[in-house]
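Trainee: Submitted below is the structure of interest, expressed as structure tokens.
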Amino acid sequence: MTMLTGVILAGGQGRRMGGQDKGLVPLNGKPLYQHVLERLRPQVDIVVINANRNIDRYQLSGCRVVQDVFADYPGPLAGIYSALRAIEGDWAVFSSCDTPAIPLNFVEQLVQQRGDAPAVWVRSQERDHPTLALIHRDVAAPLQAYLQAGERRLMQFLRHQGGHAVLLPDDESAFHNINTPDDLDKRF
Ligand SMILES: Nc1nc2c(ncn2[C@@H]2O[C@H](COP(=O)(O)OP(=O)(O)OP(=O)(O)O)[C@@H](O)[C@H]2O)c(=O)[nH]1
């Protein structure tokens, strides 16, 4: 595999978080995205952050920040598309900004179990996590058509491209994600 880019998806609206920029919400004294950055960085060659506001704050991390090319927040696929267009190597591995305990070996697992698929994502404890995914840049072209047709379903799209899930060992807490202010108190 050539250069592997890690992409942190932080471009959502954070409606369940009262409209806050979820990646910047503090958890144990650090913005959520930074938890993800610290776990993703050792697993990839370079990290890019996909964000649509507070760009200067994300840039403080030293990472390049890529904004969506769509203005209407169509969902995570928009961030995936925008990042795939911007990466230098052939492959990107994605993580939401709201999963602060992602495993330190999930990228290795995705790479090893990819076979010849152009996209793979994490499944653990019978739950799919399609925003934790390894995707080839050539997927950007069909993704553009899919989004322009008004489609939004991430896993359906990845399956249609020949993608499949990769089983990771059961570790429920590793994939907890934070959606509401209550999640910040309860889970970590
Ligand atoms: N670039 C981009 N990322 C998005 C978009 N919508 C969601 N995401 C990202 O996709 C991941 C999962 O999305 P959600 O949990 O629904 O995040 P969200 O949209 O911020 O939160 P809600 O508005 O409460 O659903 C998060 O990492 C979001 O940042 C979008 O329109 N553009």
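Using N, Cα and C of the backbone, Cβ positions are placed for all residues, glycine too.
A TrEMBL annotation is a machine prediction, not a hand-curated record.
Here's the feature list from TrEMBL:
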type    : residues                                       : note
BINDING : Leu9, Ala10, Gly11, Lys22, Asn50, Asp68, Asp98 : GTP binding site
BINDING : Asp98                                          : Mg(2+) binding site
DOMAIN  : 6-158                                          : domain 'MobA-like NTP transferase'
Trainee: List nothing but the one residue from Asp68, Asp98 whose Cβ has the fewest other Cβ atoms within 10 Å; the candidates are the binding-site residues.
Mentor: Asp68
Trainee: Among residues Leu9, Ala10, Gly11, Lys22, Asn50, Asp68, Asp98 annotated as binding GTP, what is the maximum Cα-Cα distance? Answer in Å.
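Mentor: The two farthest binding residues have Cα atoms 18 Å apart.
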Trainee: When a 10 Å sphere is centred on the Cβ of Leu9 (GTP binding site), how many other Cβ atoms does it contain?
Mentor: 27
Trainee: Any idea what the model's mean pLDDT is for the domain 'MobA-like NTP transferase' (6-158)?
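Mentor: Taking every residue in the domain 'MobA-like NTP transferase' (6-158) and averaging pLDDT yields 96.
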Trainee: Once the DSSP letters are reduced so that anything not helix or strand counts as coil, what is Lys22 (GTP binding site)?
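Mentor: Helix, per DSSP.
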Trainee: Around the C-beta of Lys22 (GTP binding site), how many further C-beta atoms are within 10 angstroms, looking at every protein chain?
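Mentor: The answer is 25 other Cβ atoms.
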